[in-house]
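Asker: My questions will all concern the structure given below.
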Amino acid sequence: MAKAKFERTKPHCNIGTIGHVDHGKTTLTAAITKTLHERLGTGEAVAFENIDKAPEERERGITISTAHVEYETEKRHYAHVDCPGHADYVKNMITGAAQMDAGILVVAATDGVMAQTREHILLARQVGVPYIVVFMNKCDMVDDPELLELVDMEIRELLNEYGFPGDDTPIIQGSALKALEDPNSEWGDKILELMHTIDEYVPDPERDTDKPFLMPVEDVFSITGRGTVATGRVERGVLHVNEEVEIVGIHEDIRKVVVTGIEMFRKLLDEAQPGDNIGALLRGVQRDEIQRGQVLCKPGSITPHHKFTAQVYVLTKDEGGRHTPFFNNYRPQFYFRTTDVTGVCELPAGTEMCMPGDNVEMTVELIHNVAMEQGLRFAIREGGRTVGSGAVATIIE
């Protein structure tokens, strides 16, 4: 059967359900697809069973089960991720396997805020999920409006505590199960209200081409009489010939240079776009003044740092990780973009050691600078073997 062509007519947004186990994340995901399909005639309804038995994927050596569904509102096309298990969420968010432009936090009105509700909000904050919209589920099982109000307050306080705008965050009350049973009921209206709220509250994500230019340097060579060429894959933004860029990373100082030519597959280009594997000819740069591990970027868009806090997932033995815990002052390699940098891990006060399978916040000090920003992903390696995965949470220096 021929595959349908993906029509890019609407803005695209990546979204996902987060929240405590059994609060109804997967039921809500199914209810959204069914309600939008029946009420707006968009997309396809995906059954609960098909979301729940998500296939295992391997992302950077880590086994993650994730279900991907898509749906559309009148305004946008959404790609939605839902994970069956709590550990899958932790891995997913930290590895950036599924980058989210926004999260739908599902909280059961019958339980209120639970342990994983808290952990998922913390993770969302640490890895840089910019927006959260709340769906208070199972409201059909709560008769007391005062109880709903208490849960509402509890959620807002928690969001504030982790640096989200709790007072202004939309909270939609509904029942995913009732909406799934009858999308045309008032419970179905609540699903439409949720999606309309997400359309309005979450701004259109910035496209990769609109972001400031960045290309990690993979290789460097010199062409006699022409200068030095840095090669790599454009991560974001657009580069034009004769534009000025900065060389950032490894050293304290930042060097400005002009790109006098761009090549791809031995052909000359006027501009390079995200995903292009290019060679950038740099004016007046010596072969030894730029190296793998640095980046070329739009001037002023990213700065070099060596000390930061990070949210880290430690691989289990089965995932090919360590068989034993590690302790404070552990010194592995941190793999950023194209290169390994040695660093020292400082565990949180009161944490003696870190076991395989743990998710931990740590402070890291690298032996030299890396072009860094919040949300940047990295791998932790020992002798070329990946033993952990992380995201930069805050930059210290």
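Note: Cβ is positioned from N, Cα and C throughout, glycine not excepted.
Pulled these from Swiss-Prot:
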BINDING   19-26, 82-86, 137-140  GTP binding site
BINDING   Thr26  Mg(2+) binding site
DOMAIN    10-206  domain 'tr-type G'
REGION    19-26  region 'G1'
REGION    61-65  region 'G2'
REGION    82-85  region 'G3'
REGION    137-140  region 'G4'
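Give me the local environment of each listed feature.
Answerer: Listed in sequence order, Thr17, Phe48, Ile51, Asp52, Ala67, Asp82, Pro84 are the same-chain residues at least 6 apart in sequence whose CB falls under 8 Å from the CB of Thr26 (Mg(2+) binding site).
This prediction places the mean pLDDT of the region 'G1' (19-26) at 95.
Residues 54-55, 83-85, 88, 91-92, 95, 97, 313, 315, 318-320, 386, 389 of the same chain lie 6+ residues outside the region 'G2' (61-65) yet bring a C-beta within less than 8 angstroms of a C-beta in it.
In the region 'G3' (82-85), the DSSP tally of helix, strand and coil residues is 0 helix, 1 strand, 3 coil.
In terms of DSSP helix, strand and coil, the region 'G4' (137-140) has 2 helix, 1 strand, 1 coil.
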Asker: For the region 'G2' (61-65), give the DSSP counts of helix residues, strand residues and coil residues.
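Answerer: For that range the per-state counts are 0 helix, 4 strand, 1 coil.
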Asker: Indicate the candidate from Gly19, Asp22, Lys25, Cys83, His86 with the smallest number of other Cβ atoms within 10 Å of its Cβ, considering only these binding-site residues.
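Answerer: Result for the binding-site residues Gly19, Asp22, Lys25, Cys83, His86: minimum number of other Cβ atoms within 10 Å at Asp22.
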Asker: Work out the three-state DSSP category of Asp22 (GTP binding site).
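Answerer: Assignment for Asp22 (GTP binding site) reads coil.
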Asker: If one looks at the chain holding Cys139 (GTP binding site), which residues at least 6 apart in sequence have a CB under 8 angstroms from its CB?
Answerer: Ala109, Leu148, Gln173, Gly174, Ser175
Asker: Under DSSP, is His86 (GTP binding site) part of a helix or a strand, or is it coil?
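Answerer: Assignment for His86 (GTP binding site) reads helix.
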